[in-house]
Amino acid sequence: MAGCRGSLCCCCRWCCCCGERETRTPEELTILGETQEEEDEILPRKDYESLDYDRCINDPYLEVLETMDNKKGRRYEAVKWMVVFAIGVCTGLVGLFVDFFVRLFTQLKFGVVQTSVEECSQKGCLALSLLELLGFNLTFVFLASLLVLIEPVAAGSGIPEVKCYLNGVKVPGIVRLRTLLCKVLGVLFSVAGGLFVEKEGPMIHSGSVVGAGLPQFQSISLRKIQFNFPYFRSDRDKRDFVSAGAAAGVAAAFGAPIGGTLFSLEEGSSFWNQGLTWKVLFCSMSATFTLNFFRSGIQFGSWGSFQLPGLLNFGEFKCSDSDKKCHLWTAMDLGFFVVMGVIGGLLGATFNCLNKRLAKYRMRNVHPKPKLVRVLESLLVSLVTTVVVFVASMVLGECRQMSSSSQIGNDSFQLQVTEDVNSSIKTFFCPNDTYNDMATLFFNPQESAILQLFHQDGTFSPVTLALFFVLYFLLACWTYGISVPSGLFVPSLLCGAAFGRLVANVLKSYIGLGHIYSGTFALIGAAAFLGGVVRMTISLTVILIESTNEITYGLPIMVTLMVAKWTGDFFNKGIYDIHVGLRGVPLLEWETEVEMDKLRASDIMEPNLTYVYPHTRIQSLVSILRTTVHHAFPVVTENRGNEKEFMKGNQLISNNIKFKKSSILTRAGEQRKRSQSMKSYPSSELRNMCDEHIASEEPAEKEDLLQQMLERRYTPYPNLYPDQSPSEDWTMEERFRPLTFHGLILRSQLVTLLVRGVCYSESQSSASQPRLSYAEMAEDYPRYPDIHDLDLTLLNPRMIVDVTPYMNPSPFTVSPNTHVSQVFNLFRTMGLRHLPVVNAVGEIVGIITRHNLTYEFLQARLRQHYQTI
């Protein structure tokens with residue numbers, strides 16, 4: 001497999017998940033990205049490993065296929081359906097656990113503080129009430145921060161990490177049991193601590209962890225939990241279950257099983273088929289109805305009523321029976337919705353821009369410092385948020401008249417929604433029959449505040465709504481990214497709902513549009529702002545429709561989200577894509593830009609290969625594995641034929657051979673071409689060295705300077721054949737000699753063969769080599785042994801390993817002339833990790849990895865392409 005070396009790849013100074021990486025600790029940030037032209041700065045990047053989504057069809061796998069019949073196939077499929085159902089049920093139970101304790105802690109906190117405020121408002125001891133609120137919030141946030149110290153990947157919503165995992169990037173620790181425990185417990189405390197975060201977004205990450213861990217029936221964190229379960233021992237199977245778990249998390253959070261399925265398709269999975277669609281939808285349904293069953297029973301005491309489908313419920317949107325002029329929305333309102341979509345996109349782009357700058361500041365000034373600094377930052381955010389909420393509720397609120405009518409439906413669910421709206425009204429410092437509008441929004445759980453904006457018949461002051469929006473916008477932006485488990489869906493919905501309600505108030509009070517329904521504008525405002533932040537369209541439309549249970553909102557929500565996305569995309573990316581980029585994850589988008597088709601596979605591949613032979617000595621394998629970090633190696637043989645004799649005496653044959661040679665791309669030729677292009681596009685290292693020698697070297701020596709530098713940088717390939725002797729004077733053709741490609745073998749497979757003693761003596765036939773079954777090869781999944789932990793004294797370096805039974809003899813390959821768009825589509829849709837480039841005569845000339853298809857790498861190659869035209 002190919003690595004990327006800074007001296008050879010002038011367009012790219014960093015190494016990626018599948019290429020050669022520099023030695024560093026996982027916590028260390030290294031400057032790996034290029035200078036960003038729009039910001040003129042270098043972003044820190046990390047090395048990431050890719051996942052093996054491509055199936056390795058080797059001899060052990062074929063042996064399993066030989067024993068497979070229709071009966072076993074049906075049993076395997078039945079087990080998969082049962083596992084999918086279990087994932088949905090467990091995800092629903094996780095949501096139930098989170099919701100129960102968040103409600104418990106929040107009610108306890110607000111109950112104590114509200115009682116204190118009511119008593120101290122007359123005694124003049126409001127400072128004591130503020131201290132009580134600070135005590136609750138700081139304690140909860142401190143506990144949430146401690147849990148993130150235990151498992152740092154539990155911070156945030158986890159959606160960017162899950163998106164990367166489904167895209168094929170292995171994010172360390174993302175789907176571990178310890179991560180799930182820290183995530184679930186941490187989100188309890190962060191939400192109860194009054195931070196402007198939510199519990200619904202982290203449900204996606206929690207569901208993904210359940211989906212990844214449950215089918216394995218074992219845990220790294222709890223090593224005693226070990227079951228001999230023979231199924232689903234590959235990244236390919238785990239990816240499908242993670243997709244189902246992520247969809248189940250969305251379904252449990254919003255009561256939207258179809259929206260969850262579309263979310264998994266739109267935002268995550270790069271590979272999809274009809275069978276997976278049914279399983280993901282079934283998993284989402286299982287999660288929704290599990291949560292619905294238990295929540296309805298616990299809150300209403302009516303088991304089996306299924307009245308609370310998700311953690312977040314918007315209630316029923318319905319005009320008052322006494323208002324005959326009211327309509328949920330009209331055709332004329334669509335114009336206002338489009339304008340709101342534009343404003344929502346602008347606000348979302350502003351939010352993302354500010355949060356990106358904050359994230360960069362944290363990466364440079366907070367994360368490199370001791371971990372205690374992260375805890376202190378979280379406590380500072382909690383302190384400021386608590387003071388702002390308390391002071392704004394006490395000082396900036398206005399007393400508004402309570403509505404004389406209530407929207408009470410015929411069903412118990414709508415009655416519950418109405419009771420929640422009425423019971424969450426806060427009357428701080430207001431006379432009878434009035435309420436404090438600012439305190440009603442700030443001194444309630446976010447879900448209750450959203451219901452107030454959606455369904456409260458009473459009015460909110462435009463000044464209050466504007467102040468609430470500004471304060472909430474800034475604090476939510478500051479909060480997202482601190483070291484606590486958090487989410488952004490509900491804060492964005494609440495912020496957008498305030499914006500929409502403000503628009504409705506302005507239209508009613510100053511333009512005289514009395515027919516409009518304020519709840520509709522609050523919903524559209526919520527959709528506009530959320531769409532401007534996350535840039536989701538299809539899945540978010542369905543999620544909001546399912547949450548409102550009102551299909552007539554389909555058109556305005558879809559139009560608003562599309563306009564918000566188009567507006568926001570003009571300025572920057574969505575919030576999750578921004579954080580993926582800041583982490584340096586080599587995420588592959590859905591497709592490449594049209595301009596990239598000017599490049600071909602030969603332009604982006606890595607010709608400097610590290611390879612193995614079909615029969616290789618143990619000493620050579622150990623040397624290769626210990627001196628490189630590549631995750632796959634081409635299995636090759638050398639071409640030693642001499643075609644010069646055939647070219648004598650027959651002009652026809654001579655011309656045919658010359659044509660064949662001219663049409664076949666070789667690694668030496670490609671390397672020489674790149675060496676020439678580097679003279680016109682030198683790296684700083686080459687430029688400095690050239691400057692040092694420019695005065696003393698003769699013209700002939702100048703031309704060979706780059707060649708000499710490149711040859712000195714690379715040591716000859718390890719000697720694997722006894723009749724070859726290493727030479728420091730190898731030419732480019734000798735170093736990049738033709739190699740016939742036979743297949744790919746993974747690092748994990750080679751290490752497994754060495755650990756299990758799969759080899760044979762030189763005096764024996766390769767048939768005497770022990771054979772491993774498919775189950776034995778996958779026994780150590782997902783954490784295979786490391787070559788550096790291998791006891792070399794137990795190995796005979798002269799023994800030979802026959803890798804041919806265990807290599808993949810038929811991986812996907814491309815021609816050197818394949819356009820980049822074709823390479824990209826094949827790589828992404830098939831979930832590949834390595835893509836060999838093979839010429840017309842079966843010789844491998846390079847290899848393409850995820851790194852070679854990232855936007856930064858392709859842009860750099862395109863610039864180099866323009867330089868050489």
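Even glycines carry a Cβ here, placed using N, Cα and C.
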Additional site residue, PHE241, PHE254, PHE489, PHE499 [criterion: listed by Swiss-Prot with SER157, TYR576 for chloride]: PHE489
Candidate set ASN422, ASN852, annotation N-linked glycosylation site, source Swiss-Prot, matching residue: ASN422
Which candidate, of ASN432, ASN608, Swiss-Prot gives the annotation N-linked glycosylation site: ASN432
N-linked glycosylation site according to Swiss-Prot, picked from ASN137, ASN410: ASN410
Within the motif 'Selectivity filter part_1' (156-160), residues counted as helix, strand or coil by DSSP: 2 helix, 1 strand, 2 coil
Interface present between the transmembrane segment (81-113) and the transmembrane segment (176-194) (three or more C-beta pairs under 8 A): yes
ASN432 (N-linked glycosylation site) and TYR576 (chloride binding site), distance between Cα atoms, whole Å: 46
Listed in sequence order, residues not in SER157, PHE489, TYR576 with Cβ within 8 Å of the centre of the chloride site Cβ atoms: ILE159, PRO160, GLY201, ILE204, GLY487, LEU488, VAL534, ILE575
Nonlocal residues around PHE489 (chloride binding site), in sequence order (Cβ under 8 Å, 6 or more apart): GLU198, GLU200, GLY201, ALA253, LEU530, VAL534
Contact set, same chain, for the transmembrane segment (200-217): CB under 8 Å, 6 or more residues outside the stretch: 83, 86-87, 90-91, 94-95, 98, 157-159, 161-162, 165, 174-177, 179-180, 183-184, 187, 225-227, 229, 231-233, 237-238, 241-250, 252-254, 263, 283, 287, 311-312, 485-490, 782
Distance, ASN432 (N-linked glycosylation site) to SER157 (chloride binding site) (CA atoms, angstrom): 42
Among the chloride-binding set SER157, PHE489, TYR576, as the record gives it, the longest Cα-Cα distance in Å: 12
Any contact, the transmembrane segment (462-481) to the transmembrane segment (81-113), with at least 3 Cβ pairs under 8 A: no
